[in-house]
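Worksheet: one structure, shown below.
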Amino acid sequence: MSSLRNAIKRVTHKERAQPTNRKHLGLLEKHKDYKQRSDNFHKKEKRLKALNERAQNRNPDEFYMAMNSSQVDARTGQHKKTDKALLCEGMSELGADAIKIMKTQDLKYLRAVVSRDKKKEERLRSSLHFDHTQEYGEEVQRKNKKTLFVDGTEKDAKKLLKENGGVLWDEDDDASVSSAASVSSATHPQHQSDQNDQDPSDDEYDLDVSTLLAASAKPQTEAQLKKQNRRLTKIKKRIEKNRLKSYAELRNREERRQKVEVALAYMETEKNMNSKGAKRKVAEGDTSKPPTYKWRRKRAK
């Protein structure tokens, strides 16, 4: 009879649906949903209770060796291994021979980098002009000056400049013209007699680029001279920008090479420390150099 009772078709059980006026609240929670939430809540409650008991019964002097190679993550609060511990595990898996080969290759690579950077620095340094009174990339604002010794007054000096096609100085530079004229008449009498024998192309004149172009070209109008001066100014700015860029590149390369040399020195010291023989430290190291060791002298057979 029991088997016959089970074979009879039964009415399908239907869960009560969410009422129409409450559909905006989502699906109606069933008993299985409540059971799932309840189990999850009690599981967390038991876990917190157990942790609280462990914290109360903890010995303040307890120590485990794993504490040396682990730390607490500030974000998650979980324990994790330190970077040094992970590195040691990886090195132990590779083996001593593989690590030795890798370090040797690193030494060769760093030596090649230092040699390459030195050659590039030499090429840059040979193409740049250094002013040892200032750092790379810092330019002291000063104007180019030239001194003309004239036997006469300030008007004669300005007249000579106009004849040479030069551009007159500003008001700040007029003082140097007048002082040069006065110094010429007071302290350079021999130079006055030799004035007519000198060639304007001598080195002591040291004319500006615009002066040379204006003196060698045909007479130009004022508009043409202004256009030419603007073009020369743009060229000078472009040259100055490229020059400062080269100085900055040279400075960066020198800093990079110095850092690589420090890393190379540390790796060479580590390699020497693995060699045989008694040794002792004679000087402490810092960020710029590794510590210095001295090995006991060994008698050669």
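Just so you know, glycine gets a Cβ as well, placed from its N, Cα and C.
Automatic, uncurated: that is what TrEMBL annotation is.
These features come from TrEMBL:
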COILED    218-245  coiled coil
COMPBIAS  26-44  compositional bias 'Basic and acidic residues'
COMPBIAS  176-195  compositional bias 'Low complexity'
COMPBIAS  196-205  compositional bias 'Acidic residues'
REGION    1-44  region 'Disordered'
REGION    171-205  region 'Disordered'
REGION    271-301  region 'Disordered'
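In the predicted structure, the coiled coil (218-245) carries a mean pLDDT of 84. Mapped onto DSSP helix, strand and coil, the region 'Disordered' (1-44) counts 26 helix, 0 strand, 18 coil. Counting residues of the region 'Disordered' (271-301) by DSSP class, helix then strand then coil, yields 3 helix, 9 strand, 19 coil.
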